[in-house]
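TrEMBL has this to say about the protein:
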type: TRANSMEM; residues: B:21-39; note: transmembrane segment
type: TRANSMEM; residues: B:59-84; note: transmembrane segment
type: TRANSMEM; residues: B:96-113; note: transmembrane segment
type: TRANSMEM; residues: B:133-154; note: transmembrane segment
type: TRANSMEM; residues: B:200-221; note: transmembrane segment
type: TRANSMEM; residues: B:233-256; note: transmembrane segment
type: TRANSMEM; residues: B:277-298; note: transmembrane segment
type: TRANSMEM; residues: B:318-336; note: transmembrane segment
type: TRANSMEM; residues: B:348-368; note: transmembrane segment
type: TRANSMEM; residues: B:388-407; note: transmembrane segment
Amino acid sequence: MSTTDDDTLPGIPNVGKADLDAMVENERPDPREELADVEADTDLGVAMAEDAQRVARGELTGDQYWEKYDEAAADEFGEAYQETPNPAVDAGDQTVSTGTAESLSCAVGSMDTVAAESAQVEGEEPDGGIGAGDEKWGMVIDLQKCVGCDSCTVACKSENRTPPGVSYNVVMEEEHGEFPNVTRTNVPRPCMQCDNPPCVQVCPVSATYKMDDGVVNIDYDRCIGCRYCIIACPYGARYFDFGENYDDEVDEAGELTSPEYGVDRGPREEGKSPIGNVRKCSFCTHRLERGEEPACVETCVGDARNMGDLENPDSDVAQMADSSRAFQLKEDEGTDPNVYYLK
Amino acid sequence: MSTQSSRFEFDPGFEDDRLRVAWYAVVGVLVAVGAYATYLRITGGMATTNLTSIVPWGAWVAFYIYFVGLSAGAFLVSTMANVFEVEGMHRIDRDALFAAIISMAVALLFVWIDLGRMDRMYFPFIWRQLTSALSWEVHAYVAYIGILVTELYFSMRIDLARIAERTSGLRQTFYTALALGRLDTSEGSRSFDQRWLKRAGIVGIPLAIFMVHGGTGVLFAVSKARPYWNSGLFPVIFVISALLSGTALVMVVYVLRTRLFDGDSVDPDLLDRLAQLLIGFIIVDAALTAIETFIAIASVHPHEIETWQVIMYGPMSWSFWWFMVGFSWVFPMVLLTKKAWRRTPSVMVLAGLSVVIGIIAVRFNIVVPAQIMPVMEGLPHGAYFPTLVEWGTSIGMIGVGLLLYTLGAETLPLTPLTGGDH
Ligand code: SF4
Ligand code: SF4
């Protein structure tokens with residue numbers, strides 16, 4: 001940003017650019033040392049890394065780069081190289097042109113084709129589709145670690161692309177006591193994925209139901225939008241999609257939607273589900289199925305949120321849920337949530 | 001023969017043509033307002049309401065349970081004539097049944113417009129859920145409407161046949177079709193109808209009390225998440241207030257239709273009987289509500305107490321004090337105390353209308369306040385007042401009800417041609 005080193009910003013120590021670069025260089029691991037620990041050829045690694053920087057500087061094109069290393073990489077990495085799709089085709093500068101890509105020995109495709117392929121793999125699941133897994137998903141939230149930053153809420157909103165007025169996760173904040181003896185508790189609240197879910201019990205069309213992996217699903221194609229489930233949920237975890245959008249804030253806000261419950265619905269359009277339906281947290285089922293943690297768990301600043309298999313006694317969550325610190329919200333409702341808190 | 005035909009004189013419809021035009025104009029305006037509001041609702045989606053995820057049920061649900069109540073109440077009044085054979089009640093049998101059918105139709109319109117996905121209204125008949133009160137209700141409503149129509153048919157069939165006999169052409173075809181071709185007016189066919197009317201009524205009573213209206217109360221009462229609704233007394237109060245509003249409606253309809261359509265004078269004994277029923281229902285309704293309030297406050301459940309505080313002292317407390325207490329209990333009670341007033345049609349119409357309007361507030365106060373309090377400490381409080389679109393659609397659907405009723409009253413022999421008690 002600044003043109004000369006003399007430009008100082010208030011509150012920022014006046015350190016020369018060169019000093020900063022030196023600091024970065026200091027922090028940078030020695031490439032040879034790093035690569036010595038891996039099986040792959042160290043010289044090849046260093047050479048590829050250096051050339052990659054050249055590509056970044058524009059001294060080399062993506063095509064030249066891949067043509068140069070294709071053979072070596074195929075020798076070195078074998079199948080792993082040939083079968084891993086290289087999504088770097090025509091995604092902008094510095095990438096491989098389709099022509100070159102075809103001559104390479106690795107499987108390549110554009111971002112879109114790679115995504116489509118992996119979606120297909122998901123669709124062909126042998127074990128009966130979404131939610132049929134062997135795990136019983138549970139979440140444990142450590143209230144001692146939660147700093148109340150609301151990152152989970154934000155991560156959830158961007159992961160699930162929820163519209164205004166819909167927030168699968170909220171952090172409830174409670175202040176207790178009088179000044180100066182005030183304490184504050186922050187309680188994040190996703191859907192509890194109850195074992196005895198009142199929301200499921202009341203739905204007149206069975207649009208919401210419990211899956212084998214413990215997650216409570218909503219079939220947006222069946223839900224008639226009667227909102228009885230919102231009334232019945234003791235945790236206020238359900239939200240009605242009124243069809244609002246962030247169009248004023250973000251261009252094309254509705255272009256991308258999240259494949260909730262494993263169903264890709266394409267862009268958000270008026271009159272199309274889930275507009276007019278009830279929505280809620282799905283434990284990021286679509287991420288769980290890919291072997292990823294829910295967005296809120298992944299993002300949590302204080303490492304307060306944990307996700308895992310409650311039925312596996314060795315799992316972290318099972319052990320935490322078993323500890324004497326563990327409790328559930330509104331235990332006397334008999335809903336038996338799969339979200340546990342540590343006090 | 002001349003005595004015969006004057007005995008069966010059938011001239012339904014307004015006595016006064018100017019009144020007819022004026023009335024249809026009023027109803028037309030209501031329906032037009034409703035049509036425009038419904039257009040806004042359909043194109044704008046649920047965002048045209050003031051509903052939120054915190055207060056997901058509002059005016060439409062309140063009106064829906066209101067009309068279900070009106071219907072169940074009116075139906076139960078009709079059974080006094082056709083099942084329990086209370087002396088002198090036959091005169092209002094058909095009035096009550098027909099009002100019950102129209103109310104139910106309006107109630108279903110309200111259910112429909114309230115769905116987030118109006119296009120999926122038939123889904124509950126494709127997919128069901130045994131544990132869902134709403135799933136059961138939807139089926140009960142259909143069965144109940146079936147019973148009502150069956151009853152009205154058996155109650156009215158002989159008169160339809162008589163009319164068909166004396167008319168010709170298109171009108172004859174129309175009334176023959178309504179009588180389903182059974183044009184026998186003999187004594188034997190009459191007692192056959194009476195028998196089946198009674199049977200349908202006997203099936204209908206438990207259906208109306210337990211399934212249709214009690215069930216609608218259960219819809220709310222099973223909501224453990226909302227302690228204000230989660231009470232055993234709740235469905236009972238629901239049925240009592242339904243009887244209250246239904247009786248009031250039948251009284252109003254009886255007086256107005258006799259005066260304006262038949263040009264007859266109102267039977268003061270019958271009016272007095274209905275008025276006394278009304279007194280009884282007001283007392284029971286007020287007493288049960290008081291008990292419910294007492295239990296709620298004595299339970300010291302913070303959620304319950306705060307909900308009652310919202311009702312009695314919140315921003316909408318006027319609806320409780322003016323409409324619920326004032327219009328549905330105190331004001332009609334004052335009018336009902338004097339025997340001479342109970343026999344005066346105009347005073348009783350006033351009392352009846354007051355109840356019919358007051359009970360609307362009762363329904364709003366059932367639906368909305370329980371959602372104002374958050375289900376968990378730390379979640380936001382709700383606030384709700386219907387938008388113009390919600391009011392407009394509601395007015396329109398009520399207008400549709402009035403229109404259907406008027407059309408029916410202008411064509412059907414709702415007053416027994418033989419003049420009353422069979
Ligand atoms: S928290 Fe609410 S929405 Fe989630 S499973 Fe339980 S009752 Fe259903
Ligand atoms: S809103 Fe949808 S999911 Fe909820 S109870 Fe109604 S139909 Fe079921």
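Cβ coordinates come from backbone N, Cα and C, glycine included.
Among the listed stretches B:59-84, B:133-154, B:277-298, the one sharing the most Cβ pairs under 8 Å with the transmembrane segment (B:233-256) is B:59-84. The list of residues near the transmembrane segment (B:200-221) in space but at least 6 beyond its ends in sequence, with Cβ under 8 angstroms from a Cβ of it, reads 65, 68-69, 71-72, 75-76, 78-79, 82-83, 133-134, 136-137, 140-141, 143-144, 147-148, 150-151, 154, 229-232, 234-239, 242, 366, 370. In this chain, the transmembrane segment (B:21-39) lies apart from the transmembrane segment (B:348-368): fewer than three C-beta pairs between them fall below 8 angstroms, excluding pairs fewer than 6 positions apart.
Same-chain residues lying 6+ beyond the ends of the transmembrane segment (B:318-336) with a Cβ under 8 Å from its Cβ atoms: 241, 244-245, 248, 275, 278-279, 282, 285-286, 311-312, 342, 347-348, 350-352, 354-355, 357-362, 364-365.
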